[in-house]
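What TrEMBL records for this protein:
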{"type": "DOMAIN", "residues": "13-232", "note": "domain 'Radical SAM core'"}
{"type": "BINDING", "residues": "Arg22, Arg76, Thr107, Lys168, Arg271, Ala272, Arg273", "note": "GTP binding site"}
{"type": "BINDING", "residues": "Cys29, Cys33, Cys36", "note": "[4Fe-4S] cluster 1 binding site"}
{"type": "BINDING", "residues": "Tyr35, Gly80, Ser131, Met202", "note": "S-adenosyl-L-methionine binding site"}
{"type": "BINDING", "residues": "Cys266, Cys269, Cys283", "note": "[4Fe-4S] cluster 2 binding site"}
Amino acid sequence: MQETPLSYQAFDKLQRPLRDLRLSVTDQCNFRCRYCMPEEIFGPDYAFLAKDQLLSFPELVRLTRIFVSLGVQKVRITGGEPLMRKGLPELIRRIGEIEGVRDIAVTTNGSLLARHAQALKDAGLRRVTVSLDSLDDERFGRMNGRGFKVSQVLTGIDAAAAAGLQVKVNMVVQKGTNDQDVLPMARYFREKGHILRFIEYMDVGNSNGWRLDQVLPSREIVSLIQREMPLEPVGANHYGEVAQRYRYAGEEGEIGLISSVTQAFCSTCTRARLSAEGKLYSCLFASTGTDLSGPLRDGRSDEQIRRLIAEFWSGRDDRYSEERLRNTPGLKRKKIEMSHIGG
Ligand SMILES: Nc1nc2c(ncn2[C@@H]2O[C@H](COP(=O)(O)OP(=O)(O)OP(=O)(O)O)[C@@H](O)[C@H]2O)c(=O)[nH]1
Ligand SMILES: C[S@@+](CC[C@H](N)C(=O)[O-])C[C@H]1O[C@@H](n2cnc3c(N)ncnc32)[C@H](O)[C@@H]1O
Ligand code: SF4
Ligand code: SF4
């Protein structure tokens, strides 16, 4: 293969640039959300990664630097629950020092956020995305599978805001489970001034028992909210933005709709995903990954690893959600679990 120029924008087979890197820093989580890590699969005997299998901070930083040289500008730290990874603020500080990284965000379930918000901010983090599916303790406790209380997450959100972090809230909407929470959540976060994004429930992994009739289409969510709080559409912040934005009419506050099932956005998907043990995935719904930990640990040079990643991206042609849209429910394949690959 030819030498890749030192600063270069990688494109895949469908002409999509490599722009985002999603780093899963642990496959473990203190929640057992039924749509992600159902207890009956992720029980006490589940074999999580051993500590020495996880990529170390120096390895993650080295890889991120290489990804940036291929076009990545935005890094999302996720998991599992990323705040369970010891010393996370230090990783954020080091990634923030990489020239070319324009944006770092963390996606968290919020349960440990009150404890870590200030350290994250001090490490240079500017924003955080907190997942919360309901304001009702009973429903939330059932959905998170461990009886965690809503107040614990809300306290985390308040602590993040008080520390000066911009907060977005992600709510997975599952018809028949928490659709009654759409309006209370919209009212609450409109009042608080945080952007709330509604995510269509997806068929990630192999264990959540997903059914299409459990998906509440985004357009129904918009009409539901419109009836009480008028909305106006807002243009995308950047190429390939996942959420469709709406503003509360006459106000600054906004919501987002992530319509991964009913209006797939594969045609502008710029995201590469790295699992906690260093496997690189070209799609949230991929079955296999390309191992980078071997090359990292057997002494390969940055340029060799860079070529590996460039080749990986140039061969990418995934567009699972668009294919699902056409084939539902016939699309069957073994997929990597979302808690492993990161959200
Ligand atoms: N199918 C699919 N869903 C995705 C993809 N990226 C994100 N999502 C879904 O969207 C949710 C929200 O992702 P975020 O990381 O908060 O979204 P984002 O657009 O990167 O966030 P911002 O940078 O804040 O706009 C995820 O938890 C997934 O459910 C993707 O590439 N494919
Ligand atoms: C896998 S989690 C990892 C980060 C962290 N533990 C959290 O929950 O925010 C990332 C995101 O994926 C979302 N997610 C998990 N399973 C999903 C599913 N089946 N459909 C849609 N989104 C899902 C979660 O709601 C969360 O916002
Ligand atoms: S969605 Fe996040 S909090 Fe819930 S089980 Fe998955 S990784 Fe854990
Ligand atoms: S389904 Fe795959 S290709 Fe499509 S947007 Fe999601 S990660 Fe990207």
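Even glycines carry a Cβ here, placed using N, Cα and C.
Structure with TrEMBL features highlighted.
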residue: Cys33; record: [4Fe-4S] cluster 1 binding site; CB count, 10 Å: 21
residue: Cys36; record: [4Fe-4S] cluster 1 binding site; CB count, 10 Å: 25
residue: Gly80; record: S-adenosyl-L-methionine binding site; CB count, 10 Å: 29
residue: Ser131; record: S-adenosyl-L-methionine binding site; CB count, 10 Å: 23
residue: Lys168; record: GTP binding site; CB count, 10 Å: 18
residue: Met202; record: S-adenosyl-L-methionine binding site; CB count, 10 Å: 22
residue: Arg271; record: GTP binding site; CB count, 10 Å: 20
residue: Ala272; record: GTP binding site; CB count, 10 Å: 25
residue: Arg273; record: GTP binding site; CB count, 10 Å: 25
residue: Cys283; record: [4Fe-4S] cluster 2 binding site; CB count, 10 Å: 20
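Checking the binding-site residues Cys29, Met202, Cys266, Arg273 for a CB within less than 6 Å of any atom of ligand 4 leaves Cys266, listed in sequence order. Sequence-distant contacts of Tyr35 (S-adenosyl-L-methionine binding site), defined by Cβ-Cβ distance under 8 angstroms and a gap of at least six in the same chain, are Met143, Val172, Gln174, Tyr201, Val204, Asn208, Trp210.
Around the Cβ of Cys269 ([4Fe-4S] cluster 2 binding site), the same chain contributes Arg16, Gly240, Cys283, Asp318, Arg319, each under 8 angstroms and 6 or more positions distant in sequence. Sequence-distant contacts of Cys29 ([4Fe-4S] cluster 1 binding site), defined as residues of its own chain at least six apart whose C-beta falls under 8 angstroms from its C-beta, comprise Cys36, Met37, Gly79, Gly80, Glu81, Met84, Asn109, Ser339. Checked against Thr107 (GTP binding site) by C-alpha proximity, the binding-site residues Cys33, Ser131, Met202 yield Ser131 as the nearest. Look at Met202 (S-adenosyl-L-methionine binding site): DSSP puts it in coil. Residues belonging to the domain 'Radical SAM core' (13-232) score a mean pLDDT of 96 in the model. Within its own chain, Arg22 (GTP binding site) has Val75, Arg76, Thr78, Arg271, Ala272, Arg273, Leu274, Gly342, Gly343 as residues 6 or more apart in sequence whose C-beta sits under 8 angstroms from its own. Screening the binding-site residues Arg22, Tyr35, Ala272 for a C-beta under 6 A from any atom of ligand 2 leaves Tyr35. Taken residue by residue with DSSP, Gly80 (S-adenosyl-L-methionine binding site) is part of neither helix nor strand, so it is coil.
Taking the Cβ of Cys266 ([4Fe-4S] cluster 2 binding site) as reference, residues of its chain lying under 8 Å away and at least six apart in sequence are, in sequence order, Asp318, Arg319, Tyr320, Ser321, Glu322.
A sphere of 10 angstroms centred on the C-beta of Thr107 (GTP binding site) encloses 20 other C-beta atoms.
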